[in-house]
Amino acid sequence: TVALLSLAVLTPAGAASAAALPVVINTWAFRTAAETAWRVLELGGSELDAVERGCGQCEIDQCDGSVGYGGSPDESGETTLDAMIMDGNTMEVGAVADLRRVKNAIGVARKVIEYTKHTLLVGESASLFAVRMGFPYEDLTTQKSLSLYSEWLNQSCQPNYWKNVVPDSSKSCGPYKRPEEVTYKEEQTSSQRSFHNHDTIGMVVIGVSGTVASGTSTNGAIHKIPGRVGDSPIAGAGSYADSTAGGAAATGDGDIMMRFLPSYQAVEYMRMGTDPTVACQKVISRIQKYAPKFFGAIICANTTGSYGAACNKIPGFTQFHFMVSSPLLSQPTEQVVDCI
């Protein structure tokens with residue numbers, strides 16, 4: 001047992017992982033989220049419970065400033081939240097996007113599954129639904145988010161997400177409008193923005209019986225245009241769960257990644273028998289063909305408990321850190337994979 005435990009800890013993430021169930025895997029080195037999800041399983045909670053509580057822990061902790069309240073203010077200075085949760089047995093999805101004034105976004109997403117026949121609720125209407133479900137209205141603004149917003153305004157609103165508008169969005173603040181004659185410029189690449197603009201917690205939980213659940217939570221891209229929705233709350237993009245194959249979750253530049261449904265694609269690769277690490281790599285390679293400088297990573301796990309991850313190598317981002325909890329590990333363990 002000791003030898004096996006040592007092997008599990010020391011095996012590079014890029015190698016074929018030893019398989020055991022249950023397994024919890026989540027993006028980034030968000031340790032408390034991993035510990036919370038694992039504890040839920042140990043206490044007999046369901047896979048969905050583990051995902052909800054694990055991602056919810058990041059909302060409380062404001063993980064890296066990119067999850068939960070008080071981070072990533074939009075162009076108007078407001079923090080809004082996106083989240084989803086998916087049941088791999090029933091294929092039901094609950095999601096919320098552009099959620100305002102409610103802190104527990106993934107909790108609200110779970111209620112979409114439990115109390116509606118819908119999949120995705122957005123904006124002010126999602127907030128009204130949350131209140132009907134018993135969630136309190138709370139201010140998501142903090143001194144930190146106000147400071148971030150103020151600094152951005154003082155830097156002539158740089159960077160931002162506008163293009164082909166007047167005044168020139170690369171030099172000044174708006175309000176912007178469509179020019180009389182459009183001269184298209186090459187779109188700004190994601191690598192010119194801070195990587196922390198796009199962090200998300202994505203989590204996959206696979207129980208002892210092979211039941212899969214997944215979920216995400218984020219406050220989205222910092223300085224986004226109000227109303228913007230990224231990949232996180234979109235089934236198949238932010239995460240995907242199928243108890244006949246496995247689960248996956250993505251993190252990074254959602255505006256690019258969501259166009260490729262990376263989480264769905266990774267699960268389909270695993271369904272065909274592809275090793276989770278290779279499945280993740282194939283997904284990243286596919287996006288690279290169209291957006292070689294995109295910032296992003298993905299985690300994958302199949303129903304045997306084997307797992308892997310992959311990321312796109314760009315300057316300043318050459319490795320991706322993620323958390324794994326498994327019976328083969330004495331505690332939730334941070335693992336690292338080299339980007340491709």
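Even glycines carry a Cβ here, placed using N, Cα and C.
Record features, source TrEMBL:
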SIGNAL    1-18  signal peptide
ACT_SITE  Thr200  active site, nucleophile
BINDING   Arg228, Val229, Gly230, Asp231, Thr251, Gly252, Asp253, Gly254  substrate binding site
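Sequence features annotated in TrEMBL and their locations in the structure.
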| residue | record | contacts (Cβ under 8 Å, 6+ apart) |
| --- | --- | --- |
| Thr200 | active site, nucleophile | Thr27, Ser66, Val67, Thr216, Ser217, Thr218, Gly230, Ser232, Gly238, Ala250, Thr251, Gly252, Gly254 |
| Arg228 | substrate binding site | Asp74, Asp98, Tyr161, Gly220, Ala221, Asp255 |
| Val229 | substrate binding site | Asp82, Ala97, Asp98, Val122, Gly220 |
| Asp231 | substrate binding site | Ala237, Gly238, Ala250, Gly254, Asp255, Met257, Met258, Pro262 |
Number of other Cβ atoms within 10 Å of the Cβ of Gly254 (substrate binding site) across all protein chains: 29
All-chain count of other Cβ atoms within 10 Å of Thr251 (substrate binding site): 29
Span of Arg228, Val229, Gly230, Asp231, Thr251, Gly252, Asp253, Gly254 around substrate - largest C-alpha separation, Å: 16
